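Written below as structure tokens is the structure these notes are about.
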Amino acid sequence: MYNSNYPLQKKNKETQLLFLDNFSYRLIGIGFCFLTLGILSGAVWANETWGNYWSWDPKETWAFITWLVFAIYLHMRFVGKFKGIKSAWVASFGFIIIWVCYLGVNFFGKGLHSYGFFIT
């Protein structure tokens, strides 16, 4: 059967995807600002506590990797190199990296920021 509303549904879906793409871009931009502030304030605190700003601890390293992934995402979106599915893949990859930084390093890593639940 032919559905006469199909072009409208397709346009509506494209409009929704464009909205979600722009919405995620804005949310990642806000989150990137908070991540930057967190890394910088953590570095200042580390300098006051341990005497150095950066010690390449696994948590610090993965936070920096997370920052780089989202910096690349924002840069490529700002320059206009990609939108849509490509930016969604990079954002999804960044989301996975956040979880690696948040949980993976805490439970499996060794260093100042690990709590070693699963370390034997």
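Quick reminder: no glycine exception, Cβ is built from N, Cα and C everywhere.
Feature annotations, courtesy of TrEMBL:
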DOMAIN    10-113  domain 'Cytochrome c assembly protein'
TRANSMEM  23-46  transmembrane segment
TRANSMEM  61-80  transmembrane segment
TRANSMEM  87-108  transmembrane segment
Please give the average pLDDT for the domain 'Cytochrome c assembly protein' (10-113) in this predicted model.
88
With DSSP helix as H/G/I and strand as E/B, how many residues of the domain 'Cytochrome c assembly protein' (10-113) fall in helix, strand and coil?
87 helix, 0 strand, 17 coil
